[in-house]
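As recorded in TrEMBL, the features of this protein are as follows:
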type	residues	note
DNA_BIND	132-232	DNA-binding region
DOMAIN	8-122	domain 'Response regulatory'
DOMAIN	132-232	domain 'OmpR/PhoB-type'
MOD_RES	Asp57	4-aspartylphosphate
Amino acid sequence: MSRQKVVLIYLIEDDEVQARCYAAILQHAGYSVRVLPDGERALREIQRAAPDLIVLDRRLPDIDGLEIIAWVRERCAPLPILVLTNAVLETDLVEALEAGADDYLIKPPREREFVARVNALRRRASISKQFEGTIEIGGYRIATVERAVYLAGERIPLSPKEYEIVELLARHVGQVVPRKTIISRVWGRAAEEEVSRSLDTHIYRIRRKMNLSRRNGAMLRVIYTHGFRLDDFSHV
């Protein structure tokens, strides 16, 4: 009988009391946890042996958490990163997502939600490894190498920017992706009014071209004043 692989999490947190609390929660959920109290040590350990997932305090005494995220994304692109932050401002949360974080939680995280978010990141990472180069949501198949989207085997004629928006939303399925994040990633600049209107036009065209619906297993929702969320209904 094969033994199940133990999932290793690097918990990068300088507050000793909080680190012990978070580590205990994750260990109770079945994870192996290594606590790293500062950014420099964390970077050395990640370079030596990358974990399966990173839980990162946004504010560290020596290195900005955003720098760590960017460093990891350059070298270990698929590695899931969950950011813990005291910030409640949208700009701080957007900065973390734009730097490459997969998800975030406001401190102190509620125990069940903390574990649920970590579990969700692990599931997505596992699916991504199984189908490297492919994301499947509902009846849609997103071929990331080919930069194409298929429904029932037929390629959907998306423009380059439409495809980039779809892939970004698909990589954060079930999560709200802020407008500013989409504009920054796809257009590479600030959320000017003209670009914001262009985003709305692209979203309209994506919905129409992809025929997003419960019948096809996925829907694209507008979360007013916040952003957009792609929902997968294939298991509902």
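Please read every residue number as a count from 1 along the shown chain.
Glycine is treated like the rest: Cβ placed from N, Cα and C.
Since the structure is predicted, the reported quantities are computational estimates derived from the model, not experimental observations.
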Chain-internal residues near Asp57 (4-aspartylphosphate), provided their CB is under 8 angstroms and they sit 6+ positions away: Ile12, Glu13, Asp14, Asp15, Gln18, Gly65, Val83, Leu84, Thr85
Confidence summary (mean pLDDT) of the domain 'OmpR/PhoB-type' (132-232): 87
Helix, strand, coil residue numbers for the domain 'OmpR/PhoB-type' (132-232) per DSSP? 39 helix, 30 strand, 32 coil
The domain 'Response regulatory' (8-122): DSSP-derived helix, strand, coil residue counts: 56 helix, 24 strand, 35 coil
